[in-house]
Structure formats: structure tokens, C-alpha cells
Amino acid sequence: MCRHLAYLGPAVPLARLLTGVRYGLYEQAWAPRRQRYGTVNADGFGVGWYPPGEGERPARYRRAVPIWADGNLPDLGRAVHSHAVLAAVRDATAGTTQDESAAAPYTDGPWLYSHNGAVPDWTHLVDDLTPSSRPPAAELLALESRCDSALLWALARARLRAGEPAGGVLADLVLRVAAVRPGARLNLLVTDGRTVTATRHGDTLWYRTAEGSVTVASEPDARDGWREVPEGSVLRATPTAVRTTALDAAARRPEPPPGPPASRPADGGAPPAASGTAGRPDGRPQPAATAPERTTPA
């Protein structure tokens, strides 16, 4: 369900990230090579970036049509350059909104957000969460769209707005939702224009570093140098370093910055963290094993 990517580094035209590389996000809309659920991503698309002179406030362009059917994208892709980009193509979860309000990226303050996955019975999710996990009523009333992705964003954004570290927020959210929706697929992706944070829970996730830049994506394009993120992990990246941590570890301890780099590069990440079924007092699942933390220099 969906494909997404985020980029940090020297300013580049949007076209270089979306349409300028073989097997990139544009082609993944109709011919994804590693998508486990669904076959095409034709229910809309969106791209967010940080315009020069606008500080931390991102801009967005979203449509409810397939990315290949939008006649404005080629010109937009040539004209807009940015040092930080988040983009997605959508395969809608059944029973969710079909207009462009449901197309990622969502935004709040400096944040851009996307969700690759699906939450079963998402309309009753809040009822099933522990009281401490439920968002304020104002967050639910302000949902941008009627879909599982927007609801997950409501569960996360108030904590990000309050200054909590993104890695801990996303990891904790994934574990709490997975505890009451074991079949949920929860690959979350956020950027504030300076860092990228992503989770892998139920679908594929890769990253690539090159020339002072980092790209995080659901699947690799045709370029060399991609590394797979382990299942059950949260990734945090800057243009110069990438850190992967097991979800449970990220959720229960303060989040360190991605650097300084470790003395030896990661070989694609640590072994996946096995998920257990024993419960925890806070409502999150207790993993059977925890993957060690790895830092990769860019």
C-alpha cells in the first residue's frame, strides 16, 4: 500500500527524485518491484519541499490522480529545487477518502509525514488504545482526511509539536498500534527539513547515502548503494549519518543524534528484531529480541 521517499542534501530539482531515475517513485506508481501488498499506486500522489526563504515551513503539491496523469508535474519538477523533499504515491486503503486530502504528505508546522501500510478496522482504533495513548479530542476533530494515515498522524503530531524526539514518538506509536492491531503495516516517514525519521514495520524500507545526501525510500531505484533497513526498526538520518535502532529500544530511551559515525559502516543493518506476544504494562508488545543500534556514515 503506497510507496514513499524522503531526501536530504544539496538542493536538487524535484524531477531528479521523482521522474529522473529509472525505477524511481514515478515508475513505482504503476510497476513497483518490491511492493508486498497491492499492485499499483494510482489513487493520488503528493510531494512536499522547503522553499528558500520560508524558514521551516514546507510547501506541498497533491493530487487525487495517478502521478503519470498529472500534466503539471513535469514543469513543477523542473522549476522547484529543494534541500529536503518528501513524496508519496498512494494505493488507498479500502473505505478511506479518495480525494487529494488523503494524499501524503501531511503537514504540521515544520513536519512532512507519510504512511506506507494499512491499519485494519482503523475507525475503531482510538477506542481500543489505552487512555494514555489516545490523542486530544482537538486532534481528532482536526483530521485532514478520513483515512488510517491521517489518524496515525493525529496520534503523532501533538507529541512532535511538544518537542518529543521523532524516533521515540514514531517507534512508540508503531508498538502501541501493533499491540491492538497485530495485522497493521506501519511504515511511517517524517522530516522537518533537517532530519528524516522512518519506521519499518510490515513493509520494505531502504536508504542510500551519496555526496553529502541521504535518500530513504520504500524500495530502491536503479542506482547502486542501497541498503535495506531491518524489519522492526526505526531509522533517523541527516545528510551525513544514518542510525537504525530497534523499535522497542527507540521507544523507551532518549534519542541520540545520528552522529558521530561509528568506526565501521553497517552492512545493511542489524538482524530483524523478533516480535513477541507477551504484553507490557504500558500496552505495547514485548519483543523477544532487540537488534543493536547501528550508525552508518554517509
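Note: Cβ is positioned from N, Cα and C throughout, glycine not excepted.
What TrEMBL records for this protein:
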{"type": "DOMAIN", "residues": "2-248", "note": "domain 'Glutamine amidotransferase type-2'"}
{"type": "REGION", "residues": "218-298", "note": "region 'Disordered'"}
{"type": "COMPBIAS", "residues": "220-230", "note": "compositional bias 'Basic and acidic residues'"}
{"type": "COMPBIAS", "residues": "264-298", "note": "compositional bias 'Low complexity'"}
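DSSP states for the compositional bias 'Basic and acidic residues' (220-230), grouped as helix (H, G, I), strand (E, B) and coil, give 0 helix, 2 strand, 9 coil. Per-residue pLDDT, averaged along the domain 'Glutamine amidotransferase type-2' (2-248), amounts to 92 for this model.
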